[in-house]
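Peer 1: Got a structure for you, written out below as structure tokens; questions coming shortly.
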Amino acid sequence: FCLLGFPGSQELHHILFAIFFFFYSATLLGNMVIIVIVCVDKRLQSPMYFFLGHLSALEIMITTITVPMMLWGLLLPGMQTVSLAACVTQLFLYLAVGTTEFVLLGAMAVDRYVAVCNPLRYNIIMNSHTCIWVVIVSWVFGFLSEIWPVYATFQFTFCKSNLLDHFFCERGQLFKLSCGDTLFTEFVLFLMAVVIIIGSLAPTIVSYTYIISTILKIPTASGRRKAFSTCASHFTFVVIGYGSCLFLYVKPKQTQAAEYNKIVSLLISVVTPFLNPFIFTLRNDKVKEVLR
């Protein structure tokens, strides 16, 4: 395939390269700092930060899967080519890591529910054994669940063209190149996206319903503020992450306009991973204390 990437002159591409390279570097540095401080500081040896370390690792992976290829394409004078094997690998890793992240975000919401609504039993319920199993299930489910969708995508014959109007191997644009009827496959993939995204969003909604109800019952303003501060970072990240993916994947027709797909893909693979360290550090007093 030939990736068309971004339109515009070579000068514009160099400006975009500088912007995205800054975002990518800051994303790697910020998320690696979170992983390191979670691993080395005993004050952060709790389920919330254990999950946060894995979330940061997933953010590094999802941006590394797409951004280096995009940066290389911005530097090249012509179109960037990618082999079929590389395209399959990239799409699979992108979807698998994204699915793992959704499952982990759902688990983090349940963790916050137990911390706020059942604090006396928190250490018993969210013990190290439970946390390790939650993380293992998230990773295994994320990677196993995307085997068939990627297999089904590449069962079609791509004979219309080899020009892929995107900066990486995005599934909707691949369907546009297919000569076969993709409607049934797209509908099945739509149902799978609904099950995965809405399924992982459901425990988040239920958890935050109980959390907000519990916080409103706290008599003092300082107590309410302290209780909500433990959930604010996760809630902010959920809104940004789920919002982007709902626009991109939960729709019956995957072959959306290329410009629309590029913008939403940039939100998922560049902006959200970049914001992750700031969301979880600027609003968290304990993390700021450890960083100091």
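Backbone N, Cα and C define each Cβ position, glycine as well.
Pasting the relevant annotations from TrEMBL:
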TRANSMEM  15-40  transmembrane segment
DOMAIN    30-280  domain 'G-protein coupled receptors family 1 profile'
TRANSMEM  49-71  transmembrane segment
TRANSMEM  91-110  transmembrane segment
TRANSMEM  131-151  transmembrane segment
TRANSMEM  187-211  transmembrane segment
TRANSMEM  232-251  transmembrane segment
TRANSMEM  263-282  transmembrane segment
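Could you tell me the structural context for the features on the list?
Peer 2: Beyond the ends of the transmembrane segment (131-151), by six or more residues, the same chain brings 47, 50-51, 54, 88, 91-92, 95-104, 107, 171, 189, 192, 196 to within a C-beta distance below 8 angstroms of the stretch.
With a threshold of 8 Å between CB atoms, the same-chain residues lying at least 6 positions outside the transmembrane segment (263-282) that come near it are 20, 23-24, 26-27, 30-31, 33-34, 52, 55-56, 59-60, 62-63, 65-67, 94, 98, 166-168, 170, 233, 236-237, 240-241, 244-245, 247-248, 288, 291.
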Peer 1: Under 8 Å between C-beta atoms and at least six residues away from its ends: which parts of the chain pack against the transmembrane segment (49-71)?
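Peer 2: The answer is 3, 5, 17, 20-21, 23-24, 27-28, 31-32, 34-35, 38-39, 80, 82, 90, 93-94, 97-98, 100-101, 104-105, 107-108, 111, 131, 134-135, 138, 167-168, 237, 265, 268-270, 272-274, 276-277, 280, 287.
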Peer 1: Sort out the residues at least 6 away from either end of the transmembrane segment (91-110), same chain, that have Cβ-Cβ distances under 8 Å to it, and list them.
Peer 2: 48, 51-52, 54-55, 58-59, 61-62, 65-66, 134-135, 137-139, 141-143, 145-147, 149-150, 153, 168-171, 174, 196-197, 199-204, 207-208, 234, 237-238, 241-242, 245, 268-269
Peer 1: For the transmembrane segment (15-40), could you work out the same-chain residues 6 or more beyond its ends whose Cβ comes under 8 Å from its Cβ atoms?
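Peer 2: Non-local partners: 6, 8, 49-50, 52-53, 56-57, 59-60, 63-64, 67-68, 70-71, 74-75, 270-271, 273-274, 276-278, 280-281, 287, 290-291.
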Peer 1: Taking every residue in the domain 'G-protein coupled receptors family 1 profile' (30-280), what is their average pLDDT?
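Peer 2: Result for the domain 'G-protein coupled receptors family 1 profile' (30-280): average pLDDT 84.
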